[in-house]
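Read through the structure below, which is laid out as structure tokens, and then see the notes.
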Amino acid sequence: MGIGGFMQACLSAKSLKRDFRKVAHKKKTLLVSIIALATYPLAFYSSMRFAGVAIGTVVSISTAPFFSALLECLFSRNQTITKRWMMSFAIGVIGITLLLASESSANSLFDQDMKHWGVLLGLFAGLTYAIYSWGVKAMIDHGIESQTAMGSVFGIGGVLLLPTLFITGDNLFASSTNTTVMLYMALIPMGLGYVAFGFGLRFVTASGASILTLFEPVIAAALAVAIVGEEISFIGWVGITLTLVCLFLQSKN
């Protein structure tokens, strides 16, 4: 994410110079968003380590829309939680839970106390994701270009994350495969993916964007079936269907 953030800053260099005064005017929002961005991946991956991939992912991804909606109600004007939003949120959470539960068979391997810490870290990851999403959206609504908002938050936040490579990145260059995967993750999901995320925030609320990210595990499952040849159980397909219903309800908004 640190390399992806540096890429964001490079892509938005011109717009950052042009909108510097506007960004400086929102320095409090910028600072909070940067701290949230730098904290999010640490909490998210630690959650999966302590509680397992399924629980960590469900807690982190499913709570982010709730925290985003809460922030919008507290700090944004004319933002209310609609019945349609609540319905799509509930359906999406159930869908993701069923999908990941169908894939998880090793939860018993995790210590119960560590699992509790994993859940708490997952909640914190959901909160920090919501904070930086809301912060970027607030900057865009203030008249700052999406590329500028994303570049400023991800650029500085990414630089703050780079030192973690000295602790966790000892195997990144151990083989050509590891290096290729690292570069792909940095440039495509963390780079171009978040460019698209910032562009999308111009047209939808932070809570709406957070709900749409519930579709991420569905794409991962589809790729696993098509490329790796994995099989999904009936419960997993029910979860995918519910997540698609959630996406359909959000598109109607």
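Glycine too: its Cβ is placed from the backbone N, Cα and C atoms.
Caution: TrEMBL annotation is automatic and unverified by curators.
According to TrEMBL, the protein has these features:
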TRANSMEM  30-48  transmembrane segment
TRANSMEM  54-75  transmembrane segment
TRANSMEM  87-110  transmembrane segment
TRANSMEM  116-136  transmembrane segment
DOMAIN    117-249  domain 'EamA'
TRANSMEM  148-169  transmembrane segment
TRANSMEM  181-201  transmembrane segment
TRANSMEM  208-228  transmembrane segment
TRANSMEM  234-251  transmembrane segment
### Query
What else in the chain is close to the transmembrane segment (148-169), if you only count residues 6 or more beyond its ends and a Cβ gap under 8 Å?
1-6, 8-9, 11-13, 15-16, 18-19, 22-23, 30, 33-35, 37-38, 41-42, 132, 135-136, 139-140, 194-195, 197-198, 201
### Message
Applying the under-8 angstroms CB criterion, which one of 30-48, 54-75, 181-201 scores highest with the transmembrane segment (116-136)?
### Response
54-75
### Query
What else in the chain is close to the transmembrane segment (30-48), if you only count residues 6 or more beyond its ends and a Cβ gap under 8 Å?
1, 5, 23, 55-57, 59-60, 118-119, 121-122, 124-125, 127-129, 131-132, 135-136, 139, 152-154, 156-158, 160-161, 164
### pLDDT averaged over every residue in the domain 'EamA' (117-249)
85
